[in-house]
Amino acid sequence: MQVGCHVSISGGIDRSVDNAVERGCTAFQIFSRNPRGWRAKEISKDEAGTFKKKLKESKIEPSGTCVHMPYLPNLASTNDESHKKSVDTLIGEVERCGLLGIPFLVTHLGSHLGAGEEKGIERLVKAYKSAAGVKNGVTILLENTAGQKNSVGSEFGQLGSILSQLRPAKRFGVCLDTCHAFAYGYDLSTRAGAKKSFDEFDKKVGLDNLRVLHLNDAKAGCGSKLDRHYHVGLGSIGKEGMRAAARLASKRGIPMVVETPVDETRDDVGNIKAARALAG
């Protein structure tokens, strides 16, 4: 079972492996650089080598690791300047994943900025097709959104439609965020609701395309369109829904990453333990 959390790269990208080991991770996610800026410091061969050496020594399988895109890029942007910067960042992140030997890059689909879903998706597909030109084995993952205004990729049918336009198909997959799905309106809070939602995901996106699960509970209600993560099993989704998601991932060998708060209620270690217990 591959379970872990998002860990910091503060002090050097190899430190992320140390942070993952300290938390008992068998999977983990990182930002490869400062997520709040456009500029990225290059990863040297020595830095990449140290990261890969530590990862090998840690016994964490590379298949359980992923990089998350920075916050600023908007791949669905209809503003030419912003879109170009976003595409350049996407290409750069695919290259950085390749240097580190990390197989998955998690991407946000972005906002069409009021230009309409059709225009936004057109820009999004163009961005992904550009990134597919990078010659390495990195799989680019599309993460479902919580349904905020002007966002794309919240509804499973739309997510599946976008995915179906991308080639080569083997270069693309999906990262399902349980909090985002719940916030959009998929009621994961009961066993029956979770089954119905995952059946719909399978029909419209395909469980075979699910490569990483963001196992996050929700602070807000179902259909709220609010992206507010909460501790595993303690939020609005609750234990039944989190158990259904965790067991699905465990059964299919899909890495689970928690992106939950660290506060007086629980820390990363506590949420990883909760996820592991629910997965059985």
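The backbone N, Cα and C atoms fix where each Cβ goes, and this holds for glycine too.
Copied from Swiss-Prot, the annotated features are:
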type: BINDING; residues: His68, His108, Glu143; note: Zn(2+) 1 binding site
type: BINDING; residues: Glu143, Asp177, His214, Glu259; note: Zn(2+) 2 binding site
type: BINDING; residues: His180, Asp227, His229; note: Zn(2+) 3 binding site
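Shown here: features listed in Swiss-Prot, placed on the structure.
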residue	record	DSSP class
His68	Zn(2+) 1 binding site	strand
His108	Zn(2+) 1 binding site	strand
Glu143	Zn(2+) 1 binding site	strand
Asp177	Zn(2+) 2 binding site	strand
His214	Zn(2+) 2 binding site	strand
Asp227	Zn(2+) 3 binding site	coil
Glu259	Zn(2+) 2 binding site	coil
From His68, His108, Glu143, Asp227: binding-site residues whose CA lies within 10 A of His214 (Zn(2+) 2 binding site): Glu143
Which residues, same chain and not among His68, His108, Glu143, have a CB within 8 angstroms of the centroid of the CB atoms at the recorded Zn(2+) 1 site? Met69, Val106, Thr107, Leu141, Cys175
May I ask for the distance between Glu143 (Zn(2+) 1 binding site) and Asp227 (Zn(2+) 3 binding site), taken between their Cα atoms and rounded to an integer number of Å? 13
Within 10 Å, the Cβ with the most other Cβ atoms among the binding-site residues Glu143, Asp177, Asp227, Glu259 is that of Asp177
Which whole-number value in Å describes the distance between the Cα atoms of His229 (Zn(2+) 3 binding site) and Asp177 (Zn(2+) 2 binding site)? 10
Cα-Cα, whole number of Å: His108 (Zn(2+) 1 binding site) versus Glu259 (Zn(2+) 2 binding site)? 15
Taking the Cβ of His180 (Zn(2+) 3 binding site) as centre, how many other Cβ atoms lie within 10 Å? 26
Which ones in the same chain are close to His68 (Zn(2+) 1 binding site), with CB under 8 Å and 6+ residues apart in sequence? His6, Gln29, Ile30, Phe31, Pro35, Leu105, Val106
Separation of alpha carbons, Glu259 (Zn(2+) 2 binding site) and His180 (Zn(2+) 3 binding site) (Å): 12
Please identify which of His214, His229 has the densest Cβ environment, defined as other Cβ atoms within 10 Å, among these binding-site residues. His214
